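To start, the structure itself, in structure tokens.
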Amino acid sequence: MDDDIFKEARKERDDFEELMNACDLAKMSVKNNEMVHGLETFGINGESSENGNKEKPKEIMKVVAPTVEAYVGSSSAQTPTKSSGGALDGSDQQEVRQDGTSVQKDDNGFVFYKCRFCGLTFNFMNTLRAHERIHDVSQPYVCGKCGDSFEFACQLEYHAAQHSEIDGYKCECGRTFFSYTEMLYHKHTDDPLELIGAPETTTIKVSKKRVLPVSEQDLPQPAFVTEGYEPKHPLRVYNDVRSKPYICEYCSKSYSDSRGLAYHMYSHRGEKYFNPRASRYMMGREGVGYTDSRSYYLFPRTSGYVTPRF
């Protein structure tokens, strides 16, 4: 039983090796533009034959890989040259857009975009635009009608609309503009170099006479030197006011604000013994000060009490 399993496994392994060899031969034949039948020992139903006495096929089909004719630009001449070995056929349809980009379409319906500088083809227009940046061209987008070049594709699209039948300001050269200033200041190929609307050149005579320095007496004097300075608004005159105008009437101590004088007046109540609640540290505490109702009997008001004014 085990021998049968091993024999079947070896047979499958040998069949797999023959299949891989056949695939390698097929790849090489496609690469060399021809198909060579190398499965003489391979049966019709996919079963290998050890004797090799199976009947060979009568006809061998020759498969030729599709060739491509792409135009490669040359530095010496502007005329394109053909080179084969791409993915398109020479009989493909080719269309040249307004910006100079050539679009090729093969028999299967695939569209390819060809670079106008080196001839490489790409599947997408965005890939072609990204590739064209490596050629270091300042204005790669060229109009197919008037030949003007632009730096960005959006500028070319805006310019291409001027050649179409649109409402706007039309020039004698055939271009149409959206605004009057664009139509007025646009240039033609046969225009002179001077700017349109520039003023006429005038000659100015410059004297080479030596200029003497101006003395201070000849300089004009400002009005405030001769007439005096008078400000727009009258200056504020401050009276002789003390820095501490709040003065106690009992001990003549002065304070800068009324709140400080009010706290000072608490010291003239006439307490007979020391109470920590009457100290200056506890005066600012909420609920234990002199204004609290609970401290009324602890600190009786004497005849010398003065009502604080806030």
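The backbone N, Cα and C atoms fix where each Cβ goes, and this holds for glycine too.
Keep in mind the model is a prediction, meaning the values are calculated, not measured.
Features reported for this protein in Swiss-Prot:
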COMPBIAS  73-84  compositional bias 'Polar residues'
REGION    73-102  region 'Disordered'
ZN_FING   113-135  zinc finger
ZN_FING   141-163  zinc finger
ZN_FING   169-188  zinc finger
REGION    198-310  region 'Interaction with myo-3'
ZN_FING   246-268  zinc finger
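If you count C-beta pairs under 8 angstroms between the zinc finger (141-163) and each of 113-135, 169-188, 246-268, the highest count goes to 169-188. Residue counts for the zinc finger (141-163) under DSSP (helix as H, G, I; strand as E, B; rest coil) come to 11 helix, 4 strand, 8 coil. When DSSP labels each residue, the zinc finger (246-268) comes out as 11 helix, 4 strand, 8 coil, counted as helix, strand and coil in that order.
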